Amino acid sequence: MAVEMFYDDDADLSIIQGRKVAVIGYGSQGHAHSLSLRDSGVQVKVGLKEGSKSREKVTEQGLEVDTPAEVAKWADVIMLLAPDTAQAEIFTNDIEPNLEDGNALFFGHGLNIHFGLIKPPANVTVGMVAPKGPGHLVRRQFVDGKGVPCLIAIDQDPKGEGQALALSYAAAIGGARAGVIKTTFKEETETDLFGEQAVLCGGTEELVKTGFEVMVEAGYAPEMAYFEVLHELKLIVDLMYEGGIARMNYSVSDTAEFGGYLSGPRVIDADTKERMRAILKDIQDGTFVKRLVANVEGGNKELEDLRKKNAEHPIEVTGKKLRDLMSWVDRPITETA
């Protein structure tokens, strides 16, 4: 089924320019949204709790900052870009008491609305504007006169103005220059979670670790295994990112291409596909989100235990040692400290 697409000519920038926008959160997306909205002639304030380390950065970049409650009271459009696991508390404590008839509550991801963790009053427009790229790219493309494609969705539309407002917002951060895709909260949330869990984060991570283990257990040096299953992954992903699977296969050697065709289906087979379907079902029926909420309510104990176990995998020890040899690789603070 073809998606519905919109561009700058379909958007009325004056709609969002006539509103007061509160952006709650100043992480990757928060800073990109806030600065680009301001540069598009929109009134913007940033909401951050007292004592937040980001407050100084906000003022240095010429934006006004106040508490989430105060900016929510001031604004008529509120974009909630805090982490998923913090949003419900922020909504309950800071946003909901300050919502007025006709306000709009926007999100950059649909999880809390789709799974009912946040339930806005019926007289509020609920929408989503979600750039399909990290915040630094969203901002850089905007400054360069370009844009990153965006998704928009509307969950509640009491006044029938939700889509026009979301499209105007997307245009103000550069999204309509590239293209805006209309979706639903359900589709965005479930596809995003599935991609993260089955392929991008969970699936890729386990594939890499298992490949490393097989090689080391067969007697190969851990350093050789690291190079072959992790380090070179970037080369392959970059080719796929630029031109799809066909570009990758065109660019690698005939030996690599032929071997991939033969052995790939032996690794990812029909049983794997069934397990992927089970993962998707857990997402769709709320099983995953219930576990996510339980983890947060338990003080993130399960997440911390999983992080600790992951950090102890031999591939991490080997990788840290090898990355010391790579002057061209940006090192995370945790490795350079």
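Cβ coordinates come from backbone N, Cα and C, glycine included.
The NADP(+) site recorded in Swiss-Prot comprises Tyr26, Gly27, Ser28, Gln29, Lys49, Ser52, Ser54, Asp84, Thr85, Ala86, Gln87 together with one of Gly135, Gly145, Gly147, Gly160, namely Gly135. There are 21 other CB atoms within 10 A of the CB of His109 (active site), with all protein chains counted.
Within the model, the domain 'KARI C-terminal knotted' (184-329) carries an average pLDDT of 97. A C-beta separation below 8 Å, combined with a sequence spacing of at least six in one chain, links Glu228 (Mg(2+) 2 binding site) to Gly211, Met215.
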